[in-house]
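Peer 1: Before I ask anything, here is the structure I am working with.
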Amino acid sequence: MSEPGVGIELSHVTKLYAGQQQAAVEDFSLSVDPGELVMFVGPSGCGKTTTMKMINRIIEPSSGSITIDGQDVLSLDPNELRRHIGYVIQQIGLFPHMTIAENIATVPKLLGWSRERTNNRVDELLRTVQLDPAVFAHRYPKQLSGGQQQRVGVARALAADPPVMLMDEPFGATDPITRQKLQAEFLKLQADIGKTIIFVTHDFDEAVRLGDRIAVLGERSRIEQFDTPANILANPANDYVSSFIGHGAGLMRLALIPISDVELDAPDATAPAVDADSSLRDALDLLMVTGAERVNVSGGEGSLTHARISAALNKARHPVEAS
Amino acid sequence: MSGSLDVFLARRWEDLVMLTLQHLAVVALSLAIATVLGVLIGLLVWDRNVPRTAALTAAGIAITIPSLALLALLSPVLGLGWAPTVVSLVFYSLLPIVRNTVVGLREVPAHLVESARGMGMTPVKTLLSIQLPLAWPVIVTGIRVAAQLTVGIAAIAAYVAGPGLGLYIFKGLSSLGSANALNFALTGTICVVLLALLIDGAFVLIARYSTSRGLRV
Amino acid sequence: MTALTEQRARLGLKRFGTPFAVVVVLAVLFLWLGSLTLDSIEERTLNTSYLVERTQEHLILTVASSALVALLAIPAGIAAYRVRSKAVRAFVIGLGNIGQATPAVGVVILLAIVWQTGFFTALISLVAYCFLPVLRNTLTGLEQVDQATREAARGMGMTPRQVLWRIELPLASPVILAGLRTALVFSVGVATIATFINAGGLGDMIVNGLKLQRYPVIVVGAVLVAAIAVLIDWAAGLVEDLVRPRGL
Ligand SMILES: Nc1ncnc2c1ncn2[C@@H]1O[C@H](COP(=O)(O)OP(=O)(O)OP(=O)(O)O)[C@@H](O)[C@H]1O
Ligand SMILES: [Mg+2]
């Protein structure tokens, strides 16, 4: 149904803003696999946005090349290019004078879809992002909450089923609870649609939670490390990456390890129970809260102690040796 | 002292309605022309510093010129009647319309324009379907200000045989001392006031119904 | 460094571009006038003493009426503000709207009909015409002062009178001055109309020129009055910039 993602290749991309001495992005090379969700994280002003916007040519690179699905984007008409790249910005940017339906229909209209096809697509997308079309389609943006607006922003970017999505801190302006909810919905959605997504954030937690791979960026968009969340947490490439991860790396890593990956002790029916498909972090959480010695994994397969959890974490620190 | 007002009105109400309609027509025509011109100028200059400053400064100076002076300068070239009237009304309408077009367009948040461009809208399409509609409430306010200005100036234009209610005001002056002088000047002036208030009210409605519901507060 | 000088240059252009342009226009006007051979009718008006007299009349009318407006309308605006009554406010704003809708030429001519023609009628009608906008600007300017600022001043122990003089009026001054500037420019225009009721001024030249079909007379009258309007607006702008409290 939905178009699967395609690969993106940036090689030796540099951006020097007019009138500036130093490049905002310098010699940036990165290859993104089809269907992959890559997170750009880094401190404010390091060039995340600039790097991302060169892909849809909102910002023109000074040098280097960018290809999408093997096609050089610099050789394409920028407007045509952008109609096939979903784009979500931090301020959401819903057009206040258009209804929600009209907002979502923007790109299909530019592409000359029939009215019927457009309407069907709008309904389908609203349902996809958990908004009832009967209630929301004819409202205006100001009549929606911040979280609802964010969802519409995502729906609008998905409208023409683009193989590639660029998202610049799309959940940045929401409160922590809404944000977690949006993230969870977004992960579920991505599992269905499998787009190639570049997602900018400066929240490392968010990067760990969502990303297939994370590019930790330093000054001038220098890639300090580009790897899976688990690998970055287990083996930060340098001090810069470690300091960026900050405290709580262990907890973040535990959140990435499902209980099913760990060797269990014998079941203990008297211990508090944790779901079999939760993470080690949930198990630890339960241990701390209840003060129990062990937690029982429901389904009766076994149980976990503090020591087991620590061992699993240490094993994950050296994944290469362990495998 | 003077002929009674009700007799005066009974005798001349048809005349008065005609003059009121003429007044309305010349104002409407001038506003229509000024809107097209003013928005066009606004579109050309709003995002370029030097032309924008030049246009706004020129319009700001232009609007201080007394209307009788402008009408007098125009009449040897354009003759009498509608032509100098319309040209001068357009002239005075330009400042509020150009200024508000520029302000309105500059107030459109940059991220909305970027959103539109990021979705693959061409610059022209972005201007027409995002920037102009968002700036529209401000532009309408400019046209409304211009309307108030021109209703009054049109009254002076009767001096160069322009159409409208100014005719009665000047008739009052020329028949100074006669029984009907006050009646002429008074009805002329009051009808201009009423027309101005009516037009202002109409603009409240126009602004309301030509603005997207999503932009109304 | 260079950016600063550039900025200064631009400010200088803004400051002195206008009078420079006016001087150029006037120079061109008088050069053109010098190249014409005038007939006897034209000579009666296009001579120095006539021009100076008309200009004086025009300026006196403009400045006197604006001064009167400032003396009357600003205190009235302050009073309207201080009674803090919704009804008074609605009355002032409503009256202001009607005033704005009233054609100046109507006011001038009506007053001449019910009273008399001449300078004083013109003066009174000018004052009447410019009174309302200045009154309204004074009221809205004072109302716009941030409530928190006002409360802070009261909290420091200032009396209402001190709050008015030290806080509210300085903060409202840009809006009040803008109203006065508008009134000044209005006055130049309305003073032109004063010719209709025999109050003199440069309108005389325009009207005579039209009546006698003498184009040079019209042009000189119109350009002079336009130059006065532009210069007065410019000067008022300078005063506005100078008087505005620093930091606003
Ligand atoms: N339009 C522009 N013109 C000139 N310089 C710019 C422009 N946009 C960004 N920069 C500069 O380029 C650098 C990188 O900016 P960028 O917006 O890419 O940072 P970012 O990593 O997205 O930061 P943030 O997390 O704050 O959004 C900054 O130093 C910024 O000042
Ligand atoms: Mg950014």
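Here the Cβ of each residue, glycine as well, is placed from N, Cα and C on the backbone.
Keep in mind it's a predicted model, so treat the numbers as computed, not measured.
The domain 'ABC transmembrane type-1' annotation in TrEMBL covers C:55-236. Positions annotated as transmembrane segment by TrEMBL: C:20-38, C:58-78, C:90-113, C:119-135, C:171-197, C:217-239.
What does the local environment look like for each feature on the list?
Peer 2: Sequence-distant contacts of the transmembrane segment (C:58-78) (same chain, six or more residues past either end, CB-CB distance under 8 Å): 92, 119, 122-123, 126-127, 130-132, 134-139, 141-142, 164, 169, 176, 180, 183-184, 187-188, 191-192, 194, 199-203, 225, 228, 232.
Tertiary proximity for the transmembrane segment (C:119-135) is limited to same-chain residues at least six positions away from its ends with a CB under 8 Å from its CB atoms, namely 57, 61-62, 64-66, 68-70, 72-74, 76-77, 80, 92, 95-96, 99-100, 102, 104, 107-108, 111-112, 176, 179-180, 182-183, 186-187, 190-191, 194, 197, 199-201.
Within its own chain, the transmembrane segment (C:171-197) is flanked in space by residues 58, 61-62, 65-66, 69-70, 74, 77, 104-105, 108-109, 111-112, 117-119, 121-122, 125-126, 129-130, 133-134, 136-138, 140-142, 144-146, 149, 203-204, 206-207, 225, 228-229, 232-233, 236-237, 239-240, 243-245, 248, which lie at least six positions past its ends and keep a Cβ under 8 Å from the stretch.
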Peer 1: For the transmembrane segment (C:20-38), give me same-chain residues lying six or more residues beyond its boundaries with a C-beta closer than 8 angstroms to one of its C-beta atoms, as numbers and ranges.
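Peer 2: That would be 46, 216, 219-220, 223-224, 227, 230-231.
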